[in-house]
């Protein structure tokens, strides 16, 4: 079996396990330690609340992104159906959409249609996806700017996400652990293409140290994807070929940084737009993430099942439920929009507070998340952040 065929088969297995098994983290995402202060007199009307946000030069109706999940099967097969269903929902809701890793498309070009959605979603903000290990200096087939542009332009995407998944690769039977030189390769990409580059984790969170490096090389945004949602070590547990592999994946099932903690670290240490994903399962949690300084919240697993059935309305129903919950939380803290939400009081307790007090200046973080502003202007498709005298928030 050639490498491309193995990659396609792996995509089938990942989808199957996510649909049929419990692959979520056993640990929480940490937002139970983040608290709003209820306002008995919110002094706003609920009907006037505006959930629209700006991100990478585009305005969206809601601060929610469907993050990349799958791709790599042939036309008419499951990944093709999932991406087209999600795209139609994202188009109707005017929210951004990511596709899964396009490595399969590069190795098996005939699978490209499983990522292509422009015929059903001509206006959706679409984010392509490639994996960090393929950019390592010791990768079996090293990717570069050429492969990035191919991944973007073949599906007419608006941006590219480079997913950082060392945890998954380290426990995967056929994992690629060639991560040396990735930062240098990403620096070349950000300086060479006219598209936004999003650095994306895959369920283990981004630390302040990594975030600072990513900002220094010019990435446009970070998807923190922390602990608390889908565990890719958990997925690989079910794919393991022997007891040693199962034991390794089980041991690292909950490895990483909780989403709430990662969000605070990255927000405190950088001025980059942040997608907060990792266990986003209700609108109150999403509102907390936005209040902490996230530009968008990301979801994946909650909409996978209706998407696999081709149920566009089912996907929309899930997301609209989250929207109503976010809106209600904003009403109860007196926030008319996401900018005002970042100024409401929040209180940290428990493990999250203990962690953050050792890692950042927590009081300074609370002040910074309310003051941070971004202005974007475009050169081609690339968005440059500007922070000294901005007039709008994401």
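Cβ coordinates are placed from backbone N, Cα and C, and glycine is handled just like the others.
Keep in mind the model is a prediction, meaning the values are calculated, not measured.
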Identity of the FMN-site residue among 46, 200, 320 (reference: 67, 68, 69, 70, 101, 129, 225, 230, 279, 280, 281, 300, 301, source: Swiss-Prot):
200
Packing count at residue 280 (FMN binding site) (other Cβ atoms within 10 Å of its Cβ):
27
Determine, from DSSP, whether residue 103 (substrate binding site) sits in helix, strand or coil.
helix
If you skip the near sequence neighbours and keep only those at least six away, which residues in the chain come within under 8 angstroms of residue 102 (substrate binding site), Cβ to Cβ?
71, 72, 115, 128, 129, 130, 151, 155
